[in-house]
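**Q** Feature list, courtesy of TrEMBL:
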type     : residues : note
DOMAIN   : 43-427   : domain 'Cation/H+ exchanger transmembrane'
DOMAIN   : 489-632  : domain 'Cation/H(+) antiporter central'
DOMAIN   : 640-674  : domain 'Cation/H(+) antiporter C-terminal'
TRANSMEM : 26-44    : transmembrane segment
TRANSMEM : 56-72    : transmembrane segment
TRANSMEM : 92-109   : transmembrane segment
TRANSMEM : 121-143  : transmembrane segment
TRANSMEM : 155-179  : transmembrane segment
TRANSMEM : 191-215  : transmembrane segment
TRANSMEM : 227-246  : transmembrane segment
TRANSMEM : 267-298  : transmembrane segment
TRANSMEM : 347-373  : transmembrane segment
TRANSMEM : 410-432  : transmembrane segment
Amino acid sequence: MPEINITSIRTSSNGVWQGDNPLDHAFPLLIVQTTLILAVSRFLAFLLKPLRQPKVIAEIAGGILLGPSAIGRNKEYLNWVFPKWSTPILESVASVGLLFFLFLVGLELDMSSIRRSGRRAFGIAVAGISLPFVCGLAVAFVLRKTIKGEDQVGFSQFLVFVGVALSITAFPVLSRILAELKLLTTQVGETAMAAAAFNDVTAWILLALAVALAGNGAGGEHKSPLISIWVLISGGAFVAIMLTVIRSAMKWVSRRFSSRNNMADEAYICFTLAGVLVSGFITDLIGIHSIFGAFVFGLTIPKGGVFAERLIDRIEDFVSGLLLPLYFASSGLKTDVATIHNGRSWGLLALVIATACGGKIIGTFVVATMFMIPARESLTLGVLMNTKGLVELIVLDIGKEKRVLNDESFAILVLMALFTTFITTPTVLAIYKPACGGSSTSSRRKLRDLTTTKDTKDELRILACAHGSGNVPTLISLVESTRSTKNSQLKLYIMHLVELTERSSSIIMVQRVRKNGLPFLNQSLSSEWHDRVTGEFQAYSQYGRVSARTMTSISNLTTMHEDICHVGENKKVALIILPFHLQWRGEGDQAIMDNVGHGWRGVNQRVLKNAPCSVAVLVDRGFGNGSQISEANTNIIRRVCIMFFGGPDDREALELGGRMGEHPAVKVTIVRFIQQERQEKNHVMLQLSPSERGGAELSYSFSTAIMNPEKEKELDEIAMAEFKSKWEGTMRVSERMRVKQHC
């Protein structure tokens, strides 16, 4: 392919009708590259999701797949979609995303956690850096002597880059893995985060040293060692000014910021975003990579509060969802696995992986056990601290840009970072079981237990789950209908179910709403959803005998049932209310059915299987948005019909109907279907259950469950007799005949 002068490339084309090929112009080609990278990385992330891998794995793998290692082996495709002249443009756009992402990382990193962690986290961090760094220096000797061309690079530069690459712990990737495993707020997670925070700060210092020493790399002009000293002194002065003067200024901005004055708030946001760019320019001017300035500027922003939350909301989706994948993919595009072409190269890769894992895990394990941490937790800390990711790739990209690393050494180190991060989650799951909820008892609490107890002051405890504020009106109507006006008190726990993502706001939210790896009642928590729900249920206080508390479960959908079951067990609730995965919006013929996601259906199924008490699935057809009922307003009558076919679930529904009947504004009708005996075989009872075939959301099939029909019939008769004797004259009970199907 002939060389092209990039200055001759036009930004946009005149269109195909005028004979222009859009892919020969910068902006249309950038659009195609971005779309292709996002599509491939999202597809790989979908495939890796069952393995609970961080998104960075899919994004790097997507770049490798699109690059010269796989699809890019077709030179025609590579020259057409990723020509060499487009590389600076793609990397420039990706660097903007990287700049703002490192600002978010600094914003997410709480320096006070390092001070609170004490000597234990500090010792673990020092061991987790020093031993891998020393081992990395030894590996660097081998790589320098073995890989062709590396002996032309400056000795100290190559040693520092390899040592830094092997000793880094990726703080942002680690925080997301811990959140995924529900370990972020446990003792193990907090120790790992504090050690990783110290490791991250040290890594930036080592990175600045590596960049200062690198100069122009192999074949470049050799500069005076004094230049490196001046770079480090200037960098230290920059950090000191940022953490004193600029931090005080940002505290003033944070105090002035409010959600009421939109015009002033926009000015503060724009001022801060401009500060990110200026900080990056200053560190680049000093001779340190521009991302270092953005990271330090993020440290100056006060943690928590409206200002930090608004900053994250404004930039995280655009940066993390669109621009950052371009950076990871560009690293993958530079990786040519074909350079690892013989046994010697694969042996070097195995040596680098073994050294990186061994140095980090052994160093962390030994020091952790010295601090009297149990062996299993110490080993878990070692595996967690072995996480690689963003900072590692930045170091490697700078090394390749400075020509300190050639294609083969770059590919070896990138694959090492991929492998060590990939094994983190499955290894931790294998050696350390995260906290989880669930019922370990064979008997479950039932609503009927409250009526049989002799203690008339026993509370009815309900755990009501909601996907969002749209579920609140219907929940209020249902819960208010079940509220007895006589003896039993009502204690209501409202749990907001939020799916965990890799967004910075999601990680910060985990730290606020979880404790020891589990949801808890945080009375100081303030959010739009929390404030609205609290306001909606505040009217209950005037009735007495009612208390409502809110909490949030932010978790992966595959493990969210553990949170629900744990709270149900811990709070001794008698009933869990789950929102149905299908919701109706509108009224009558205008009603629209929304599917909140197939994953939420799985959450409900796992709760039904593991719950420590009775479970009700609330199907919201939009009937709960009207006027609320109360003791003072009995003009609004709610009519409830309970169909009783028999069995333990129907007996619980009957008990719930009895509680509803105690409310003066609720009229309950019981319709009992009496079975007409015709033929009976094998003592099998037919039960309705969701169909598992084909994924059809609206189809249901019959499944058989082995039960004792005589025993169940006897219990049904006892429950119905007690119900009639208790509510005779106040509730209507009618009977219908049904024919039993042949089995």
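Cβ coordinates come from backbone N, Cα and C, glycine included.
All TrEMBL annotations are machine predictions without curation.
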**Q** If we call contact 3 or more Cβ pairs under 8 Å (sequence gap 6 or more), are the transmembrane segment (410-432) and the transmembrane segment (155-179) touching?
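**A** Touching, yes - the transmembrane segment (410-432) and the transmembrane segment (155-179) meet the threshold of 3 or more Cβ pairs under 8 Å.
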**Q** Under 8 Å, at least three CB pairs between the transmembrane segment (267-298) and the transmembrane segment (121-143) (pairs 6 or more apart)?
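**A** Counting Cβ pairs under 8 Å, fewer than 3, so no.
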**Q** Sort out for me which stretch, of 26-44, 92-109, 155-179, 227-246, 347-373, has the most Cβ pairs below 8 angstroms to the transmembrane segment (56-72).
**A** 26-44
**Q** Going by DSSP, how much of the domain 'Cation/H(+) antiporter C-terminal' (640-674) is helix, how much is strand and how much is coil, in residues?
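**A** The composition, in the requested order, is 14 helix, 14 strand, 7 coil.
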**Q** Could you give the mean pLDDT over the domain 'Cation/H(+) antiporter C-terminal' (640-674), rounded to a whole number?
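**A** Computed over the domain 'Cation/H(+) antiporter C-terminal' (640-674), the mean pLDDT is 82 on the 0 to 100 scale.
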